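Down below is the structure, laid out as structure tokens.
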Amino acid sequence: MTTITKLESKVKELSKLLEALKELNAAIDLQDIFQGILDQMVMIAEAKEATLWVLEKEKNQIVAKASSGTSTESLPTSTLSIGEGIVGKVVKTGEAELITDTENVINSSVAYLSPRSTSILTVPLLAKGQIIGAIQLNDKKDGGHFDTRDRELAVILAEQSALSLHNSQMYDELYKMFVSMIRMLAEALDARDPLTKGHSERVARYAWLIGKRMKLDAQDCFELYQAAILHDIGKIGIEDRILRKTTGLTESEYELMKTHTEIGARILSAIQPNRFFQKSIDTAMLHHERMDGSGYPKQLKGEEIPLFARIVGVADAFDAMTTVRTYSEGMSVREAAAELIRCKGSLFDADIVDIFIEILENCSYDLQSFPKTDAV
């Protein structure tokens, strides 16, 4: 199987994943789901305090993920074994537990959010016949006890909430798989030339740091990271004899090398629905454009160049300058920074260069001390 064929296979896999993400309403944050479910339950049951617990099957434990009326840090424990305490029992049996005589419940059950609890209602979170967690309610706001009607309402709401939570967890897993596949594509590309190993990941990290400093929101920072990881994906269509050439490229070879921008955009455009990749498509196509119009392939100028392409253009140039290549020994970090400053406004966006220089200054021009990305 050729490299291009393998890439096409990966593109199809990504397409299926992205369709699944669309179905699962991918924009919702998992922690927001936890808190939203709990807040609804507290309102319906008129509870003073509550905690949502999620079953982590791979670790065989139940973990407190959200709370209302108290913090998860104030719990006797935020982690339980299956079968441990009232929450553990509910997760194990799948049956709701209503306790109105807390004095007869042993303290080791670590069931309550408060040692003064007089009434506890714990309901399972069941989705498609599978236990995924539990919600524990602690005391009625009016000082009374939970009753069978509260239990019935809580069980119904928990069933509906569990499906939403189940879908969100599936999205979270797909999201991680998706990011992993993006990295695999970048690593496969970089592996074609040992001298550029890690290039895409470094460019993505630099771009992400710039985005964070520009106060882009979390979604934009992730999309920027994704676009940067894939910016050179078109080089998959460039012959090895050109990619690995140890001397300077001829004019005709350079023209062929430049086509990697258009090839990359075509590859990413094949992913459906491509709205998930539009900024990556633009970045692959336009990251070699320059502010004065001297770049390629469209000779765009200034803000005609999309923001992500301008950011990745700076990050890409910096990594190219500081990396040993067959045709270059590579500059020091300070030398590359000076070159960016020299070219800001003409080749590179001046504001983006200034932001990147601030980042370099903050780590004393030591790339080893660069902040780690939390984009993935």
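The chain as shown is numbered from 1 upward.
Note: Cβ is positioned from N, Cα and C throughout, glycine not excepted.
Remember, TrEMBL labels are computer predictions, not curated facts.
Annotated range for coiled coil in TrEMBL, selecting from 4-31, 144-171, 172-199: 4-31. Taken together, the residues of the domain 'HD' (196-321) have an average pLDDT of 91.
Secondary structure by DSSP for the domain 'HD' (196-321): 86 helix, 0 strand, 40 coil.
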